[in-house]
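Below is one structure; the comments refer to it alone.
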């Protein structure tokens with residue numbers, strides 16, 4: 001019974017998803033709006049139950065599943081991101097004729113997978129959670145199945161995801177082979193052998209990490225991201241950009257910190273490689289983009305690089321930095337996509353960056369929201385994005401990894417170019433075609449809330465956030 | 001809120017009002033506000049002098065706590081002792097008179113509100129300087145007057161020569177300021193404080209302290225005194241850092257009178273007097289001060305002999321008189337230095353404003369070769385200039401007679417090892433001063449008019465708003481000497497200074513009163529000699545100067561070109577600096593830094609971005625290949641390094 005209580009939030013989502021599916025099956029696509037609300041309600045209930053059960057560590061199902069402060073923190077971020085994504089998928093989905101009842105159900109299932117990923121304490125639980133999430137996401141990417149680009153995105157994501165899952169399973173099997181267990185705790189207890197034994201375990205670890213890197217879209221496992229971001233329907237791209245990244249990062253952190261404390265020196269090198277490659281590629285490749293969704297894909301790659309820099313330290317401070325970073329990153333991304341969904345001309349939505357020109361004159365409120373988010377993404381002081389980077393960099397410097405911090409500084413400077421270019425376009429260039437007023441209230445709410453949270457107002461909230469992140473990080477060590 | 005707040009912050013208020021609302025107030029409003037407030041300050045300053053110097057009250061008024069940082073701690077303070085009170089009177093009186101005078105002099109200028117705002121800003125900064133009780137506030141005022149001076153020299157910013165002069169003044173002063181700031185740092189390092197009282201209190205303990213610099217062991221206080229003196233040299237235009245002062249005459253004439261004669265240029269003398277307890281412990285520095293002061297007095301006077309621009313003659317005269325003041329400092333006769341500063345302010349401001357009146361009358365002509373015969377046409381100005389000249393040359397019982405003779409006597413009596421050099425230089429300079437001063441009077445006011453008729457027909461006496469300030473200054477130029485000499489340099493000086501300066505019984509001033517009688521009359525004799533020679537050259541036989549110049553062309557050119565200092569500095573500093581600047585600009589910045597830096601990086605970044613975009617081909621097998629390559633690289637790395645176990 002205690003096992004069931006521990007997984008109660010997940011159970012609620014699982015049963016709730018079935019319920020939603022039933023409603024959808026019987027009342028058809030006209031229940032889309034209702035289902036969105038019900039899905040959000042499920043997330044709220046799951047969140048409340050989760051908060052109610054507290055942050056102390058509880059194991060379930062023979063140690064395969066764990067809830068602790070870390071899980072609580074990351075799940076909260078995941079749920080918030082999912083609610084934002086649902087909030088942004090009103091008008092757009094209806095206009096495209098893809099406001100189908102399967103969408104909320106798939107989102108709930110994906111979130112269920114993510115919550116299991118965050119709480120996974122065993123390689124198999126990890127894999128199950130990951131696959132549950134991924135399968136839902138493959139379908140979501142191809143959700144606009146009559147559109148070539150959407151189906152192409154879904155297919156690419158599926159093929160590459162299958163490859164990465166295969167590699168990860170191979171890694172898990174190697175780890176099992178060398179340690180004799182799939183449980184995080186037992187793998188950690190096994191320690192490292194010497195000679196080939198250790199090297200074999202290390203191979204397994206590298207393959208495992210490659211799977212995580214694929215999910216967080218770290219270089220060189222990132223290449224699906226720009227295509228999928230661009231091809232998927234925009235509200236689904238919002239979802240892709242927020243919740244799954246957070247969940248995958250949670251998995252990444254927990255698996256490495258909890259199961260491989262003795263191999264820290266080794267996995268640090270891999271993570272540093274992923275981090276540096278992601279920061280550099282994300283910063284430089286973003287410069288040439290003209291499509292704002294593709295730009296956000298590269299931006300996301302660069303941001304994942306920064307977050308991984310925090311993980312690379314392997315310290316409590318570093319993990320705390322990662323958590324703060326992911327929370328703020330989720331807010332920035334959701335907000336930016338809200339504005340992208342608001343980029344509507346007479347002939348429909350546009351994704352061209354140049355269409356933002358002169359936005360400050362035609363739609364000053366939207367431009368102000370976008371400018372706040374861009375400054376925050378660029379890491380300009382006094383905005384939330386700055387503190388996200390600050391905590392990671394402080395941890396990196398404290399860990400003595402100065403050159404990693406230097407790479408971070410340099411690449412964030414380069415990346416600032418594309419963020420600031422958008423601000424410049426909006427405020428200093430002449431409008432070529434007017435952006436229509438917002439009709440979707442969800443977009444306005446999400447945009448306003450995220451911009452407010454990223455604006456200097458966040459100074460009121462950053463302290464509790466870092467405190468919570470600190471507690472969450474400590475629960476892993 | 002005391003009268004001192006009004007004295008100091010009145011001009012600031014005037015500056016703010018005229019500066020911020022000048023356009024809305026109009027020129028008359030701006031002039032009225034600034035002039036009124038400065039005049040109020042001047043009147044209150046006179047009362048303050050009586051209160052402090054004669055009723056023996058001292059004040060230390062806290063404006064606000066300024067810095068508390070570790071051991072560095074000082075406040076913004078109005079520190080009023082006799083030295084400050086004297087400076088308040090000098091600064092505010094001359095400033096108020098110059099404000100009044102400018103109302104007439106600048107009446108045709110379209111930017112009057114800006115001009116008056118700058119004048120008030122200058123006055124405030126100068127007051128900050130003299131009221132400080134610590135070196136940092138003093139430095140703030142020091143830079144403030146430098147800024148105001150820069151703005152006012154370049155007031156006619158459409159004139160390239162004015163801009164060049166303003167920049168020159170700023171740059172040359174920077175050299176001095178560097179010394180000053182190093183001096184402040186060194187004092188803080190040595191005594192742990194920048195507040196005068198604390199510094200002086202701790203001097204006994206560090207009298208023999210030494211710095212080690214580049215392997216040389218140097219006496220700490222001497223080094224500090226020399227550094228501070230370098231600062232004073234810049235501000236007070238002493239030899240080697242004097243070149244900016246003559247050029248500063250590009251500014252409007254009232255500015256020359258206020259800043260470049262009466263007040264700002266004497267800030268260096270004030271600084272040295274303030275630091276007198278340190279100087280007393282640094283005999284090496286005193287020798288240097290004596291040498292530089294004496295050399296400046298001689299050099300500037302000699303250049304003044306042959307200049308033809310009426311303002312430049314007076315400018316070199318100022319430079320020379322500042323040299324006198326430093327000779328007095330070098331002789332430990334601080335009271336004499338400040339006394340000369342005090343009297344000099346009156347008669348030099350008088351001469352400048354008188355010259356301004358002449359220039360005003362002559363339709364902006366400054367070349368004395370084109371003047372002459374003006375005495376009957378502008379008699380009031382003529383009388384004022386005569387008074388100023390008498391006071392400057394030291395005619396008995398005028399202001400200059402008391403103060404300048406005291407300096408020469410002190411230089412004779414001092415134990416400074418270069419005292420005799422200072423004495424000799426100042427005596428010769430006294431002769432030359434008399435010569436060039438009378439030359440100026442004769443060339444300008446006597447003989448036949450050399451200007452064309454159109455100019456001469458326009459010659460007119462200045463309005464009352466201009467000559468009344470002249471008259472007030474003239475009274476000072478005559479009376480300041482015998483009224484105040486007993487207090488500044490005579491028997492009452494101990495009560496008068498009340499510890500603001502180093503004064504003691506039996507000091508050099510006492511000794512100076514007991515020197516041979518012929519020494520006492522030597523300066524007066526020199527004055528008479530200079531006068532007679534000037535009469536011979538410019539009244540009796542006006543052909544002599546030309547034939548002299550023709551007979552000794554080398555000497556004449558040497559003097560006319562100001563000992564070639566400008567040319568020398570141009571060769572040594574300016575051109576190499578420009579050359580270096582150009583090399584760094586074109587080779588260093590444009591070709592190297594821009595080429596490899598901003599432009600180069602931007603180009604590289606874009607090229608890299610393009611290449612990365614090619615990688616993103618859209619083919620799934622490319623993407624999968626990239627993933628496998630990534631894994632292969634990491635695995636190979638661990639195989640090759642053995643995994644670091």
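Heads up, the Cβ atoms here are built off N, Cα and C, so glycines get one too.
Taken straight from TrEMBL:
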type	residues	note
DOMAIN	A:120-413	domain 'NADH:quinone oxidoreductase/Mrp antiporter transmembrane'
TRANSMEM	A:6-27	transmembrane segment
TRANSMEM	A:34-55	transmembrane segment
TRANSMEM	A:61-89	transmembrane segment
TRANSMEM	A:101-118	transmembrane segment
TRANSMEM	A:155-179	transmembrane segment
TRANSMEM	A:199-224	transmembrane segment
TRANSMEM	A:236-257	transmembrane segment
TRANSMEM	A:269-288	transmembrane segment
TRANSMEM	A:322-343	transmembrane segment
TRANSMEM	A:364-388	transmembrane segment
TRANSMEM	A:400-421	transmembrane segment
TRANSMEM	A:442-463	transmembrane segment
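When Cβ-Cβ distances below 8 Å are used as the criterion, the transmembrane segment (A:199-224) is approached by residues 130, 134, 156-157, 160-161, 164-165, 167-168, 170-175, 177-179, 192-193, 244-245, 248-249, 251-252, 255-256, 260, 263, 266-267, 270-271, 274-275, 277-278, 280-282, 297, 300-301, 304-305, 307-308 of the same chain, each at least six residues removed from its ends.
Sequence-remote contacts of a segment are chain residues at least 6 beyond its ends whose Cβ falls under 8 Å from one of its Cβ atoms, and for the transmembrane segment (A:442-463) they are 84, 87-91, 328, 331-332, 334-335, 338-339, 341-342, 366, 368-369, 372-373, 376, 382-385, 387. Contact between the transmembrane segment (A:400-421) and the transmembrane segment (A:269-288) is supported by 3 or more Cβ pairs under 8 Å, counting only residues 6 or more apart in sequence. Long-range contacts of the transmembrane segment (A:364-388) within the same chain, counting only residues at least 6 positions beyond its ends with a Cβ under 8 Å from a Cβ of the stretch, are 299, 303, 306, 324-325, 328-329, 331-332, 335-336, 338-339, 342, 356, 412, 415-416, 419-420, 422-423, 426-427, 435, 438, 447-448, 450-451, 453-456, 458-459, 462. The transmembrane segment (A:101-118) and the transmembrane segment (A:155-179) are not in contact, since fewer than 3 Cβ pairs between them lie under 8 Å (pairs 6 or more apart in sequence).
Proximity of the transmembrane segment (A:322-343) to the transmembrane segment (A:61-89) is established through 3 or more Cβ-Cβ distances under 8 Å for residue pairs spaced 6 or more apart. Using a Cβ-Cβ cut-off under 8 Å and counting only residues 6 or more beyond its ends in the same chain, the transmembrane segment (A:155-179) has close neighbours at 123-124, 127, 130-131, 134, 137-138, 141-142, 186-187, 190, 193, 197, 200-201, 203-212, 214-215, 221, 223-224, 227-228, 231.
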